[in-house]
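Worksheet: the structure to be examined is printed underneath.
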Amino acid sequence: MPTESGSCSTARQAKQKRKSHSLSIRRTNSSEQERTGLPREMLEGQDSKLPSSVRSTLLELFGQIEREFENLYIENLELRREIDTLNERLAGEGQAIDGAELSKGQLKTKASHSTSQLSQKLKTTYKASTSKIVSSFKTTTSRAICQLVKEYIGHRDGIWDVSVARTQPIVLGTASADHTALLWSIETGKCLVKYAGHVGSVNSIKFHPSEQLALTASGDQTAHIWRYVVQLPTPQPVADTSQQISGEDEIECSDKDEPDIDGDVSSDCPTVRVPLTSLKSHQGVVIAADWLVGGKQVVTASWDRTANLYDVETSELVHSLTGHDQELTHCCTHPTQRLVVTSSRDTTFRLWDFRDPSIHSVNVFQGHTDTVTSAVFTVGDNVVSGSDDRTVKVWDLKNMRSPIATIRTDSAINRINVCVGQKIIALPHDNRQVRLFDMSGVRLARLPRSSRQGHRRMVCCSAWSEDHPICNLFTCGFDRQAIGWNINIPALLQEK
């Protein structure tokens, strides 16, 4: 039929045109590379105040951006030619299809529909390509600001809590479901002390503000206070793991991918088996414990829906704090005042004021729709709360009616921690991510995670250490490891 032969001829011409244009593009690209090679070498040879490593990283990034947009440009041209070819074919088929005439309106509708489909494909391709560029740039920038320094591997089960000593020597403490708490050398990653006095999961660990004492809470319904003596080993050079991955390696990891443990690394370190003090007034799992300012009293939070205040010297129960309707999940004390905040599965957290010995006031904060996993104090009169409802809220203690800032995330939030000096919040998530926000709710960074580094299962807790020169943020998870990070805070805040 004449119509079909004309259509085939048109398609053949379009194919030849596309092939010749593709060859033209390749020749153009090669000539462009030849032209851009000289300026790049000249640019690399010019004097600059930037460090050579930063300059090379920038040049590599801009080269990646140029290649991505070049590919996008070629795809754009191909799609536009397909649109033109389709329009020509529809115009030819409009004369006779199955011996019937197509009205002008029908032809316009069909052409418009096909064109809109290709247009949508073009938009999708553009968005995907530009998103890849931006994601790659953000990933590289995030790795430059947030670098993994050391992994602490030795527990036989998930790690619930991580804490940093507040006095010299500065050590890292971890509390695990394997019934032990371990103290680590931050610099070398070597286990220094093992505490094996509990008969249940160790759910939290906190260090005394001025002495070498540790406070642990356990599923055996007790909290223990025990003394440790450590001798720090000689630090070894820290390997730079930040250059071992690329943006394309930021992939999801299997829950089964956990660190290999060759033997019990804690078997060689001294073991403490008997506590100085055992606090036994709870009737359920003790999920958390903390020291009050001065270190003469401690507070514990339990699944029996109560929090208890103890005297450290006598081990006596001073107050039993009741009022929560469901199990408690966390407790935290103010660094400079006699204030305690408790979190609960009843979607609330409560502020307990012990500043006046004769009056023990309590304030209830309602603002979450699911379990409040933790609430912590910051500098001044603020409290930050995290919840399974995937939100974090910043509160002013002088105004409990509504939060002053709300952070919405894509996953449940576990035990948060705030860098008091810089007011940066670290959010550990169920989905293995750790994100950093400021107090106004602006996202600052996400800790790198790939098949080679980062947590492979739920991240349970985070802890800042503003005094340590190498690692200033620690995280732990149910993949049985804790990780020490170096966060370049000045660069982080400058980028914001």
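Here, residue 1 is simply the first one shown, and the rest follow in order.
Here the Cβ of each residue, glycine as well, is placed from N, Cα and C on the backbone.
Taken straight from TrEMBL:
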COMPBIAS  1-13  compositional bias 'Polar residues'
COMPBIAS  22-31  compositional bias 'Polar residues'
COMPBIAS  32-47  compositional bias 'Basic and acidic residues'
COMPBIAS  247-265  compositional bias 'Acidic residues'
REGION    1-50  region 'Disordered'
REGION    242-266  region 'Disordered'
REPEAT    152-194  repeat 'WD'
REPEAT    195-226  repeat 'WD'
REPEAT    279-320  repeat 'WD'
REPEAT    321-362  repeat 'WD'
REPEAT    365-405  repeat 'WD'
Note = The DSSP breakdown of the repeat 'WD' (152-194) into helix, strand and coil residues is 0 helix, 21 strand, 22 coil
Ask   = Going along the chain, which residues at least six beyond the ends of the repeat 'WD' (321-362) come within the CB cut-off of under 8 Å?
value = 284, 287-293, 299-309, 368-377, 383, 385, 387, 389, 397, 415, 420
Query = Helix, strand, coil residue numbers for the repeat 'WD' (195-226) per DSSP?
reply = 0 helix, 17 strand, 15 coil
Note = Model confidence for the repeat 'WD' (152-194), as mean pLDDT, reads 96
